[in-house]
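Visitor: Below is one structure. I have some questions about it.
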């Protein structure tokens, strides 16, 4: 048995009796897969549904996180639902679902509903609606939409909006996916709707009679569904049927497995109780949403598991006079329906407990989890932050526990005994739950939850409050129950006791409860889980909200109700507009037109191949990295022998297996990092070795068995600690222009401040992955790697295995996202896997788990800047002095280039005559931080906009005016601090246009009025410009090659140096080639990027790939056109490429051409401050409006308006996708995405979607408008098609949301008399929003650290 945490030892006789008990159980799984019957009598008991599907070649279903948090693995499991007595098509996370759970059900994967030639309407509309970029998340999103449509062919707009709460996408910004999905909504699908050319849907016309499709008006003639022109019609009656055989499937008790692991699937309550009686420690599993995470990430090892999801008796419910009884195993999706029924059954007043449950379930995880998760599972795991447990405790619910010989009723108030410990007897199961209905009069119940993100997030604090008032509003009973405030779900005992017998409507009652709550939750600064002040303030704020909500219902005249505290921020259905006519003025045959991503349909149908989808090679081994668990330590000993003794394990590989000791070193430009640690580890997550085994699971188990002894050394985590200890890398740069000392001496004002921003995890949906295939001759090797940098991969692999680069071929077809995280960090995995393949001479595959990826692959650099600005009283800035420091982590990687770009963008869009800026890299013991979309540019511009905001506050002038006064212009000057002239400058024009098109001044007045009338909710606006320099700052990288072949049949094959990671590069390149050769785009194909077709390529980065590779392709096509020109003359204008190629071939004309391009004019010299840094600047402006709830820190982006100058767009559809995706990624950077390290262990805490929160579908702006600059000329732009790079520049515009939050916080602070200038650190998480307020509730909740006390988490 592999090492791990094992359940209590079980006597042999217990196992014997269990074997005897289950001897008659069946051992065969029977289910349907995409319409075909599957019978398995030798199923591996340890694999999940996802592992089974991918193992049989259905690789459309992806592994994104293995914890049910991203939705990439979503499939549909159609089943007869014993609760609702109907067929339900459940979207589920295949990464969590045990294989046993699909017996008797129909599993439908993305491959089962359509292919690229015959797509399902859901696949087609997402593909053609530009809803797929990298495509890795797309199959899961398609299946969530498919499940919605199968369950309701006419979903409401709201249903569509919420259908994806269990799915994440890192590329698109979600807007195009939602637009595609909304085409199926009842409103969009109505032929009468005005949007579809009709006279108006009955819902639009406000007839009050509901929808004509309901059939309630007696007209049985259905209105024909509207299908957008040119799209496949969705016909519910032509979908995969629920197999008739499954309607009469005989659910048999199952027992299967091996010596290591056994699964039992009882189908009656009696069978379950019998198993529990003979084997009390058997693991009971319903949805497996918690258990699979324990097995995968916590090394828990359950030798006997009992799946209870198919016991109908546990999935029933009934309405009694005074209570609702639900079976313990009712799934949460059904619980939603039951609660709606209960509200109707008992009425709104008596149905309050069920409305409360409904509210909490709505934001409980994602739909995929709610489709399998159960109340019993939730109770048994006893999570202290469960959303439902406080409701069950506060409503005085009673749990019925059954064992074979007795039934026990356990009041929920006594159920939780300690952290993850309950009063459930060992041999009992949770059979049902009785939830009392509320009283007809005097009882009030509300629930609250605050998390980092609205949808699919665990609570920071949650609560359910219930109060019963008698005559004269005297409190008869009170239950104030909280989660997230202690190791268990806990009542506020002192506060509840204080309420007893008091008159609720007296103001001193509120004050007394607040004081009692302070005593109940007297958190210390270093409390586990951190956020002491925030959590305490939430406990108080929730009661404050509850108090006034109850008052409002009492209509008590003697007390004024604070109506502003009632309720929470609600979102409207999101929408957005794009200007689809932006490119009309310069459209050509192919270029300038909107076209879909060339692989969109393949991605939407699951046919697009990613690295780990490559079919398994003969004799292939799977690798699992053995990583350091210490932030800084000496390696005393590393013993792989215990791992090598395990079955299936083939080898241990470490630094001794490299071609030479020198081959262990890698990194560019500084070669200061090792593939394998030797004597010392410098960060938690540093590779020490790799275990190879015949399956991925065995490799993973064996990796845990490697014994490592450490000796701890001091560790540094933050920039502040590095400054204190003078821990820096040797890299130092400065840029100096003008005389800053003179500017400070002569200016009217000098202001100083600190700008601080955290890092950001890339969270590409496809983690780092690599397959290496050694060849039998000359040391040749093929590397299939998910990398942005094939050439550097080739170079380091050749070094690792000790052969020349010409023996190594590095290939990449596509990546499931990159964002800079696969520019250098992919080389670490490729080098290690290549070393392993070289040692064993067998193919080796390794795809990192999400947690492994996060702890090894680095992040966006955190930054700190101390700035000083000279400014005159008219607002004109005279000088800037700044120290800029980034957190490089334990090795340099690209940190030097990142800090340099930050220094070049610290001017923002502002002409500052005197500048002195210095840049350094802090050396710490965190992951080695690396390239990330924007590459220091966003950090530099954040510093700029921070000093602009704070200067405006000091001067008491509108920041929009301060920005306008200081922008580069003919009057202010057009020369940057690094002495580059800015040309084709349209930021001032766009600044004006965005204000006009978004009615900015009118909305500013409306925001001011709103804030004057609302005490707790505040709105804010921000208008943020951007300019982003395009070029690699390393001169030699600004080059590209291409190879173009024309074949006999007229088809064209293109190879170029750029890689496809979802940004649409291959799409743009095929368009350029098609335009140049005058052929249809469909005749041009790009197969992959490989080092044996185009050599010495630069990484796909810096937003320059379209410019570089596009011109290289154009250059190759120009050569081919010159060779074909005589044949065009001879054969005439109507000759096809097939005709031309045929004729040229027989004349022995070369139909292949190599193109090359290097960016002209550039070549900056550091120190001298001479030469041109960038070829040009991409520009943009964004306006954002937010609303915040200052009592909780909750917020929403109400609207965003973006305008980008992308020159003459090659493909506006692709560019819009980049702008929307970058904006939302930037919004995440500046708001929800916070990386935290666990102080005690030195390990990163936020290493998966459970703790690290990228924006979800319902985090995007409610109104999201995007346009491209048009009706101008670009006289100095000499790029391909006169287009501008667009991948990175829009990301910083996401900071408009951050600065709008800051604007709202200024109003919140002013409300309570605080007018000091606010220094707001990024990201503006709900915690930072709340603790930046200045209200009395926050002041009384404030927690100061004790002497020497430090926070539980470190925010890097």
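These residue numbers are counts, starting from 1, taken along the chain as shown.
Glycine residues also receive a Cβ, built from the backbone N, Cα and C atoms like all the rest.
This is the feature table in TrEMBL:
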DOMAIN    27-113  domain '2Fe-2S ferredoxin-type'
BINDING   65, 70, 73, 95  [2Fe-2S] cluster 1 binding site
BINDING   134, 137, 169, 171  [2Fe-2S] cluster 2 binding site
DOMAIN    256-440  domain 'FAD-binding PCMH-type'
BINDING   364, 387, 449  FAD binding site
BINDING   788, 819, 933, 1102  Mo-molybdopterin binding site
BINDING   823, 901, 935, 1033  substrate binding site
ACT_SITE  1288  active site, proton acceptor
Visitor: Any idea which of the binding-site residues 364, 819, 935 has the thinnest Cβ neighbourhood at 10 Å?
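Guide: Comparing Cβ neighbours within 10 Å for the binding-site residues 364, 819, 935, 364 has the fewest.
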Visitor: Give me the mean pLDDT over the domain '2Fe-2S ferredoxin-type' (27-113), rounded to a whole number.
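Guide: Mean per-residue confidence for the domain '2Fe-2S ferredoxin-type' (27-113): 96 out of 100.
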Visitor: Can you check which residue among the binding-site residues 65, 137 has the largest number of Cβ atoms within 10 Å of its own?
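Guide: Counting Cβ neighbours within 10 Å, the top one is 137.
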Visitor: Cα within 10 Å of residue 1288 (active site, proton acceptor) is the criterion; apply it to the binding-site residues 73, 134, 819, 933, 935, 1102 and give the hits in sequence order.
Guide: 819, 933, 935, 1102
Visitor: Binding-site residues 70, 449, 819, 1033: which have a Cα within 10 Å of residue 169 ([2Fe-2S] cluster 2 binding site)?
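Guide: Of 70, 449, 819, 1033, within range: 70.
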Visitor: Going by C-alpha positions, which of the binding-site residues (65, 134, 387, 449) is nearest residue 823 (substrate binding site)?
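Guide: Closest by Cα: 134.
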Visitor: I need the CA-to-CA distance for residue 134 ([2Fe-2S] cluster 2 binding site) versus residue 819 (Mo-molybdopterin binding site), whole Å please.
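Guide: Just about 11 Å between their Cα atoms.
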Visitor: If you measure from the C-alpha of residue 73 ([2Fe-2S] cluster 1 binding site), which of the binding-site residues 171, 364, 1102 fall inside 10 Å?
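Guide: So the list is empty; none.
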Visitor: So which other residues, same chain and not among 65, 70, 73, 95, have a Cβ within 8 Å of the centroid of the Cβ atoms at the [2Fe-2S] cluster 1 site?
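Guide: Neighbours found: 50, 62, 63, 64, 66, 67, 68, 69, 71, 72, 93, 140, 850.
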Visitor: What whole-number Å value do you get for the CA-CA distance of residue 171 ([2Fe-2S] cluster 2 binding site) and residue 901 (substrate binding site)?
Guide: 23
Visitor: Return the residues near residue 933 (Mo-molybdopterin binding site) by Cβ distance under 8 Å, restricted to its own chain and a separation of at least 6 in sequence.
Guide: 819, 820, 1222, 1225, 1287, 1288, 1291
Visitor: Residues near the FAD site, 364, 387, 449 excluded, by Cβ within 8 Å of the Cβ center?
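Guide: Leaving out the recorded residues gives 360, 361, 362, 363, 386, 388, 447, 459, 462.
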Visitor: Using only C-alpha positions, which one of 65, 137, 1102 is spatially nearest residue 449 (FAD binding site)? These are the binding-site residues in the record.
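Guide: Nearest listed residue in space: 65.
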Visitor: Using Cβ atoms only, which residues of the same chain lie under 8 Å from residue 95 ([2Fe-2S] cluster 1 binding site) while being at least 6 residues apart in sequence?
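Guide: Once residues fewer than 6 apart are set aside, residue 95 ([2Fe-2S] cluster 1 binding site) is near 48, 50, 63, 64, 65, 66, 67, 68, 73, 292.
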Visitor: If one measures from the C-alpha of residue 387 (FAD binding site) to the C-alpha of residue 1102 (Mo-molybdopterin binding site), what distance in angstrom results, rounded to a whole number?
Guide: 43
Visitor: Using C-alpha atoms only, work out the spacing between residue 137 ([2Fe-2S] cluster 2 binding site) and residue 70 ([2Fe-2S] cluster 1 binding site) and round it to an integer in Å.
Guide: 8
Visitor: Would you count the other CB atoms within 10 A of the CB of residue 169 ([2Fe-2S] cluster 2 binding site), including those on all shown protein chains?
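Guide: Result for residue 169 ([2Fe-2S] cluster 2 binding site): 32 other Cβ atoms within 10 Å.
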Visitor: For residue 935 (substrate binding site), find which of the binding-site residues 70, 364, 788 come within 10 Å, Cα to Cα.
Guide: none
